[in-house]
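Below: one structure, written as structure tokens.
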Amino acid sequence: MIAAQAKLVYHLNKYYNEKCQSRKAAISKTIREVCKVVSDVLKEVEVQEPRFISSLNEMDNRFEGLEVISPTEFEVVLYLNQMGVFNFVDDGSLPGCAVLKLSDGRKRSMSLWVEFITASGYLSARKIRSRFQTLVAQAVDKCSYRDVVKMVADTSEVKLRIRDRYVVQITPAFKCTGIWPRSAAHWPLPHIPWPGPNRVAEVKAEGFNLLSKECYSLNGKQSSAESDAWVLQFAEAENRLLLGGCRKKCLSLLKTLRDRHLELPGQPLNNYHMKTLVSYECEKHPRESDWDENCLGDRLNGILLQLISCLQCRRCPHYFLPNLDLFQGKPHSALENAAKQTWRLAREILTNPKSLEKL
């Protein structure tokens with residue numbers, strides 16, 4: 001048994017050093033190329049409208065606010081200033097969303113975003129995004145990369161297509177630090193010893209973002225309340241949870257396997273599903289020794305089996321907001337197909353670790 005485990009870990013490490021590292025290097029190169037174009041567009045936006053200041057800064061070889069959705073798809077979060085005159089309200093009526101309401105006694109004129117406040121006193125995510133979209137469209141025509149970049153049509157999101165190869169979504173957002181949403185108040189679960197109190201304090205201090213992007217309720221149509229609402233995002237908090245042991249290596253393996261074998265019709269799976277399942281695996285295996293290098297095969301296998309279970313149940317709860325289903329809106333046939341593909345992949349890796357050389 002131990003020999004089989006060691007064999008699997010050996011082949012996974014080989015796969016990591018060859019396939020995962022080359023994937024990372026290729027994506028880093030793409031990010032540099034994409035960020036040059038996005039920075040140029042945002043510079044033009046800032047000239048037209050100084051309230052939208054580019055926050056796409058490079059720190060320690062990574063760009064703040066940039067998320068990799070897939071090797072050809074990225075999201076850049078543009079942090080806005082001056083949320084202060086608004087109260088953050090998440091009453092659970094819109095899973096995964098919250099609203100920003102003008103604080104009592106505060107005048108609209110005190111806000112930097114006065115014309116985007118609704119009659120009821122809410123700061124409208126949709127109105128801000130609509131204005132931003134107009135500015136980006138104008139900036140694309142003026143910027144020095146105008147020959148290689150164009151807006152993606154037929155969406156209220158702000159998306160750029162670069163060199164006909166890459167898609168970048170630019171999402172206006174507010175950074176919320178020092179508060180924690182009520183809809184995530186159950187976390188951490190009291191009966192689970194992971195993460196420890198120090199890590200919990202770090203994660204909560206990291207806070208979350210409020211993104212201006214489309215959020216749909218179960219019927220798939222956006223109500224006016226939803227279009228004014230902001231989407232909760234915990235990217236930095238989630239990254240902090242995955243520090244230590246082989247957690248990040250495990251996620252890197254899953255992302256690479258997804259890119260190579262689970263990029264399927266209907267796009268049922270993305271990197272964020274993988275990240276979410278690694279967090280759940282950490283709860284199931286709370287001891288640091290469970291994440292030693294020699295447990296890499298067991299952890300990867302456990303996550304793939306959990307993924308199959310989620311696909312078969314057609315439900316993948318968000319880690320911090322379990323009422324939010326990350327498979328919502330995905331075609332059932334696409335989820336079934338993904339379950340079959342994941343099962344084939346898991347069986348192949350477990351029964352014949354050497355097959356990783358060809359995967």
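The backbone N, Cα and C atoms fix where each Cβ goes, glycine too.
Quick look at what Swiss-Prot annotates:
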type	residues	note
BINDING	R23, K24, F63, E64, G65, L66, K248, S252, L253, L254, K255	ribonucleoside 5'-triphosphate binding site
BINDING	E73, E75	Mg(2+) binding site
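Sequence features, as recorded in Swiss-Prot, placed on the structure.
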{"residue": "R23", "record": "ribonucleoside 5'-triphosphate binding site", "Cβ within 10 Å": "17"}
{"residue": "F63", "record": "ribonucleoside 5'-triphosphate binding site", "Cβ within 10 Å": "19"}
{"residue": "G65", "record": "ribonucleoside 5'-triphosphate binding site", "Cβ within 10 Å": "21"}
{"residue": "E73", "record": "Mg(2+) binding site", "Cβ within 10 Å": "16"}
{"residue": "E75", "record": "Mg(2+) binding site", "Cβ within 10 Å": "20"}
{"residue": "K248", "record": "ribonucleoside 5'-triphosphate binding site", "Cβ within 10 Å": "13"}
{"residue": "L253", "record": "ribonucleoside 5'-triphosphate binding site", "Cβ within 10 Å": "24"}
{"residue": "K255", "record": "ribonucleoside 5'-triphosphate binding site", "Cβ within 10 Å": "21"}
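Across the residues annotated as binding ribonucleoside 5'-triphosphate (R23, K24, F63, E64, G65, L66, K248, S252, L253, L254, K255), the two Cα atoms farthest apart lie 23 Å from each other. The two recorded residues, G65 (ribonucleoside 5'-triphosphate binding site) and E75 (Mg(2+) binding site), have Cα atoms 8 Å apart.
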